[in-house]
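What TrEMBL annotates here:
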TRANSMEM  28-49  transmembrane segment
TRANSMEM  69-90  transmembrane segment
TRANSMEM  111-132  transmembrane segment
TRANSMEM  144-165  transmembrane segment
TRANSMEM  186-207  transmembrane segment
TRANSMEM  213-231  transmembrane segment
TRANSMEM  263-279  transmembrane segment
TRANSMEM  313-336  transmembrane segment
TRANSMEM  348-370  transmembrane segment
Amino acid sequence: MGVNKSQEEVMPVLNPESSQDTMLKGSAWMTAGSIFSRILGAIYIIPWMAWMGSDYPAANALFAKGYNIYSLFLIVSTAGIPGAISKQISHYNALDQYSTGNKLFKHGLKIMTFMGVIFGAIMFFGAPLLAVMFTDGDPRSIPVIKSLAVAVLIIPILSILRGYLQGYSDMAPSAISQFIEQIARVIYMLIATYMIMVMSKGSYINAVVQSTFAAFIGAAVAIVILILAIIKRLPRLRSLSRNGKPAADVNENNFTREIFQQALPFIILDAGITFFNLYDQSTFNQFMRLFVNASGAQLDNYYSLFGFQANKLIMIIVSLSTAMAVTAVPILSGLYSKGNKEKIENQISNTLELFFFIMIPASLGMYAVAQP
């Protein structure tokens, strides 16, 4: 009886009704967290732009170029592992193998820590080369890339903590940490920019460096939030491990292979948009010079409009679909482990219905209000 009670507290029994309820509840949490974070990310630009003054176009372009490189390193350093961990933990939980899922998480945490250190170091020390490859050799981007490399050190840890809780279909901590992460990031960014640009009349490059370093501040705060959430849930999680099946005898090499096999689809999905953005960024100035006679400052202005401004608003809509996907994957994984095709079909149908119900009106609404 102890097992059933604990299961109900941490992860719903996966029948058609409860899985649909879990999907709706999880999507609501993740959607709320994503939307609030994206809206905050779009609103902060108003005071940031005002304090940058006439340097705003150059600062915005520099910020965008640094973040596109940062996005690539995030994909490489996390390698789709948080999504894979979420999927596999849900799989083991459905089989009552909670201890095996915990072993997988601990091993994944080691991998993510290692990858964060390696790719953070590559990004930091390789900043001059990355500037040549992706920013048309712009020397201003080097300190920006280095400031973002610090965040790459800890973002993989943040991601796998979220993946662990999502494997239990517990979306609230992820959503809350995402929102608080954004609040901490924006507060640090705005305070630093105000002090540099308004109080000290300093360089916009220094302001951008501090603005991008804010990614580390936000991630560190989010990690603390998630650790506290896990500590709060430890009694229930330990109860599941004690009363579930013993941990499977799986060595670390098999765990590593299993993690990366499951991560491959997530890598492919995540990498597409980032590679397109980097290609645009790398070739934008060259192509523009073929058609217009523009100075470097004008090209910065054009790129900030092309590659960053509209994207902030578009990503508010994209975050809706991302939230639904993050919620659906562990649920589907658990159902698949049970081998019930009918329940899987019902869940996929429910997910698609929710997707179209939300995304079509949201996309049309964005189109309708897109005029200046």
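Backbone N, Cα and C atoms are what each Cβ position is placed from, and that goes for glycine too.
In this chain, the transmembrane segment (144-165) lies in contact with the transmembrane segment (69-90); the count of Cβ pairs under 8 Å, excluding pairs fewer than 6 apart in sequence, is at least 3. Long-range contacts of the transmembrane segment (213-231) within the same chain, counting only residues at least 6 positions beyond its ends with a Cβ under 8 Å from a Cβ of the stretch, are 70, 147-148, 150-151, 153-155, 157-158, 161-162, 164-165, 173-174, 176-178, 180-186, 188-189, 192, 237. Ranked by Cβ pairs under 8 Å to the transmembrane segment (111-132), the stretches 144-165, 186-207, 348-370 are led by 144-165.
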